[in-house]
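Below is one structure, written out as structure tokens; comments come after it.
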Amino acid sequence: MAAEGDPEQELLPNKKKSATDEEKEKRRKNIVPEGLLKAEMRPGSGTEKPVDGDQVIYHCTIRTLDGVIVKSTRLEAGGKGYPMRQILWKSKMILGLLEGIPTMLKGEVAMFKMKPELHYGEGDCPVAVSENFPKYEELHFEIELIDFSKVKVVSEDFGVVKKVISEGEGWETPREPYELKVRISAKTGAGKLIFSHKEGEPFFFTFGRSEVPKGLEMGVGTMTRDEKAVIYVSKNYLTDSPLMPVVEDFEDVEFEVELVHFIQVRDMLGDGRLIKRRIRDGKGEFPMDCPLHDSLLHVHYKGMLLNEEKKVFYDTRVDNHGQPLEFCSGEGLVPEGLEMCVRLMLPGEIALVTCPPDYAYDKFSRPAGVPEGAHIQWEIELLSFEMPKLRETGNFIYAMGLDWIEFCSIMEDADKIKNTGNRLFQEGKFELAKAKYEKVLREFNHVNPQDDEEGKIFLNSRNSLHLNVAACYLKMGEWRKSIEACNKVLDSNPLHVKALYRRGMAYLSGGEFDEARNNFEKMPTIDKSSEQDAKAALQKLKQKQLEVEKKAKKQFKGLFDKKPGEIADVGAHPIDDNKAQVDPKPDEHEHDNQKDPRLDEDEDVHEAEPPRRGLLSRLWPFSSSFFMVGQPRCTIL
């Protein structure tokens with residue numbers, strides 16, 4: 001042990017005291033000699049005693065030294081009959097009880113004699129009393145320690161506390177809008193039974209629908225399947241509910257709960273339209289064992305119209321000769337709502353999905369018997385899933401020393417994924433297409449070309465993918481991100497004509513006419529064969545610029561012609577300096593169908609409808625034109 005004054009001891013880091021330790025140290029300075037005396041009136045049982053952080057439940061009767069009762073929790077002594085429920089060194093308590101109760105056994109009754117410094121006469125005492133309370137006198141505190149236990153604090157004010165009776169299984173806990181089955185009983189703090197649902201069928205309720213008191217729901221929200229617990233709920237958290245009406249006389253209610261079962265319910269869109277209910281649990285841990293990444297999926301499903309008859313329009317077990325449906329996720333092969341839900345299922349799980357039309361068949365090939373605008377219910381069973389082979393996922397781990405054949409094989413796999421992206425682009429599924437291109441780009445970080453020839457092939461493929469990402473962003477109305485994607489090509493090759501052309505189109509889409517002009521004018525200085533495309537693009541730019549100027553003149557016509565005090569007749573729509581305004585004419589987004597073959601040597605031409613209008617366009621009538629100016633109908637991929 002280091003001696004006092006030892007330099008090594010001085011260099012040791014001082015352990016930082018917690019707020020609780022600092023409070024203890026501060027308050028214990030108020031302890032005076034013979035300030036707290038204890039007399040045992042009835043012995044307790046066992047050997048364990050409460051420690052800091054334990055919940056203690058006790059009756060308390062306070063008397064003057066000549067025996068006059070000034071305060072009590074007991075009914076026969078003028079109290080309400082409810083014991084105190086507090087947490088040592090967390091709840092607001094007088095110092096004498098914080099020091100005295102930890103000396104008691106369960107069931108023990110003791111009398112504590114306290115000087116004022118140890119009860120309500122303590123300086124800065126956290127517990128307030130009435131003005132006529134004798135807080136500056138010595139008092140007797142008769143304490144019966146009913147129970148104590150380790151607890152989980154659910155609410156910061158200790159109004160909801162949970163004591164675990166037996167641990168549950170797994171880690172998942174209920175949340176809105178899960179559906180729960182519980183066995184439950186409730187009694188007052190004095191032990192009077194209020195109700196019991198422990199026999200027969202468990203009580204069923206939906207989490208987050210105010211079907212049980214708020215405090216009870218908060219406590220149940222910390223439980224796992226098959227867990228048993230007592231949830232202590234104070235008056236402030238006993239909200240009105242179908243389970244139990246609010247009763248003014250209840251200060252505390254103890255709910256004994258067994259979480260029998262819960263059905264995982266997920267609001268996939270957050271607006272209540274696409275709902276997934278887990279009917280049968282699968283195998284594995286959620287979400288680690290779910291097909292979150294693109295996979296080959298094997299599912300059985302039954303599709304029903306969400307009407308009174310719930311007519312079945314397709315059942316793989318009947319209409320597919322009992323064979324499951326096999327499809328690769330991430331390729332737009334099934335309705336979007338179905339794929340979103342399957343990605344969050346475990347093998348062996350059965351789920352019931354209710355889906356709105358726009359995530360079901362309104363944007364997908366409708367089966368016979370499914371009318372337009374139909375709400376759908378699918379009963380889905382995920383049988384199994386397989387992660388594609390290493391290279392099919394784009395995980396191209398190309399190490400040093402692999403030969404030319406191996407490199408060609410890797411690039412061939414990349415092209416397959418790119419072609420899937422091209423198909424999705426043609427179908428107008430720009431987000432999915434972009435994800436395919438970006439997947440290959442991420443995995444290209446692991447590819448290490450071994451010579452100049454491999455390097456050239458690799459660079460051309462990577463540039464092509466960046467430009468395809470740019471095209472997706474342009475179709476999605478995100479012209480700034482389209483520019484960023486083009487810059488990734490131009491940063492490494494400032495003379496890349498295709499990238500200049502696409503970046504120019506992105507600037508044109510955003511109304512940045514000068515920047516667009518600079519890109520188009522630069523093209524023929526690099527490659528004379530691109531002059532025709534550059535001229536066509538510049539003509540389009542001139543046309544759009546004239547339309548914008550015409551629109552602006554019309555909007556501000558007469559603004560400066562009025563005399564002082566007169567109100568000018570100005571258009572209702574303000575101008576965004578960062579966007580170009582163009583009249584939404586029917587041919588606004590038409591682009592020349594002619595294209596220079598040298599601009600798309602290894603890329604495909606796609607035609608797709610512009611994206612649906614979002615919130616901004618609904619709030620601002622001209623916003624769609626801001627994002628779509630000059631957007632090509634034929635896009636080079």
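Glycine is treated like the rest: Cβ placed from N, Cα and C.
As annotated by TrEMBL, compositional bias 'Basic and acidic residues' applies to 574-598.
What TrEMBL records for 53-149 (among others) is domain 'PPIase FKBP-type'. Look at the domain 'PPIase FKBP-type' (53-149): DSSP puts its residues at 15 helix, 36 strand, 46 coil.
Model confidence over the domain 'PPIase FKBP-type' (177-263) is summarised by a mean pLDDT of 92. According to TrEMBL, the feature domain 'PPIase FKBP-type' maps to 177-263 (among others).
Sorting each residue of the domain 'PPIase FKBP-type' (294-386) by its DSSP state yields 14 helix, 35 strand, 44 coil. The annotation domain 'PPIase FKBP-type' is assigned in TrEMBL to 294-386 (among others).
Annotation comment: TrEMBL describes 1-50 (among others) as region 'Disordered'.
Residues annotated as region 'Disordered' in TrEMBL: 565-614 (among others).
The repeat 'TPR' annotation in TrEMBL covers 463-496 (among others). Break the repeat 'TPR' (463-496) down by DSSP state and the numbers are 25 helix, 0 strand, 9 coil.
What TrEMBL lists as repeat 'TPR' is 497-530 (among others). Residue counts for the repeat 'TPR' (497-530) under DSSP, split into helix (H, G, I), strand (E, B) and coil, are 30 helix, 0 strand, 4 coil.
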Counts of helix, strand and coil residues, the domain 'PPIase FKBP-type' (177-263), according to DSSP: 10 helix, 39 strand, 38 coil
